[in-house]
Amino acid sequence: MISSLNKRLLAKSKLILQQTPRVQHQLLLNRSFTSQQQQQQQQQQQQQQQQQQQQQQQQKQEQQQQQEKNQQQNNNTNENNNNNEKKFENSISNNRTVTWASLTVALISGGIGWLYYDHLMTKKRERQNEIKTYGSSSVGGPFALVDENGKPYTDLDLKGKYGLLYFGFTYCPDVCPAELYKMTKVVKNLESSGLGNSIIPVFITIDPWRDTVEQVKSYIEEFHPKFKGLTGTPEQITRLAKSYRVFMSKSGKGDDYLVDHTIIVYLVGPDGKFIEFYNVNQDSDVITNKIITKIANGGKGGENKGEIKTEKSYFEKIADFFK
């Protein structure tokens, strides 16, 4: 039995001895593989470090290039500023060479130019607003038109009343509404003074091509209820406008046109004769007071018997300029 046990031990010993070189070899292989892995890791780490260093160097180079570029731009800006300062100084120096004589000539030329422009504008206003008359009898006259209800309306319908007449058109964008509102205020002022029944405000169109009876009726409803609105044929309107020395002229093409016209309110007496006019610069209170005075005097007298006072002439303004 002991002998059998010894045999077994001996066999195991042999087996162990046989396997020992293999185990050692395997251990060596494992150590070698581990060493290779470590070397690879070290190499990778070294490569990463080298890449990081390269990136850092590249960033430094880019920063340095950007700094150099900024410095160059600053230098260019400073140089441009210096050049501009020199140019400005040179311009100031050159401007100092302007003599008082040339400055005087420039001022005189500008003044004459302005006066000439003012002269042209004054002439234009005079052409539009001029009433060429030597007395009130040559302004106005009989007429036969149609009112806002389509009924005949003549100068005889104003007999016994003071008529406040305005020539305009319903498509007028600003001036006509402003004047009609002013006339409305005048009528209200007269009503407050107990004279409302003495006057009739009348709107007469100078655009009979578009201002139909219906159009005129709708238009005057925006103002005082006493307003009468008159229209007629182009021939009738033209004849009446001429009798009141009203300037009118179409401007524009097609149906979307405007009408340039005289901006004047006319006062007609109970006998149908023209008394005086009121221009655009006179407000409702001034007009009211003048009408009250006329009514008190029976529609006689007054400073405006058909004549518009003109401004100073072009040469008179030049003379005043050099005084």
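First residue shown is number 1, and so on along the chain.
Placement of Cβ uses the backbone N, Cα and C atoms for every residue, glycine included.
Just so you know, TrEMBL annotations never went through curation; they're auto-generated.
The following features are taken from TrEMBL:
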type	residues	note
BINDING	Cys172, Cys176, His261	Cu cation binding site
COMPBIAS	63-83	compositional bias 'Low complexity'
DISULFID	Cys172-Cys176	disulfide bond
DOMAIN	134-297	domain 'Thioredoxin'
REGION	63-88	region 'Disordered'
CB contacts for Cys176 (Cu cation binding site) [other CB atoms within 10 A, all chains]: 22
Local confidence of the domain 'Thioredoxin' (134-297) - pLDDT mean: 94
Under 8 Å by Cβ from Cys172 (Cu cation binding site), counting only residues of that chain that are 6 or more apart: Leu258, Val259
Assigned conformation of Cys172 (Cu cation binding site) - DSSP reduced to three states: coil
Residues within 8 Å of the Cys172, Cys176, His261 Cβ centre (excluding the Cu cation site residues themselves): Phe167, Gly168, Phe169, Val175, Glu179, Ile206, Val259, Ile263
His261 (Cu cation binding site): tally of other CB atoms within 10 A of its CB: 22
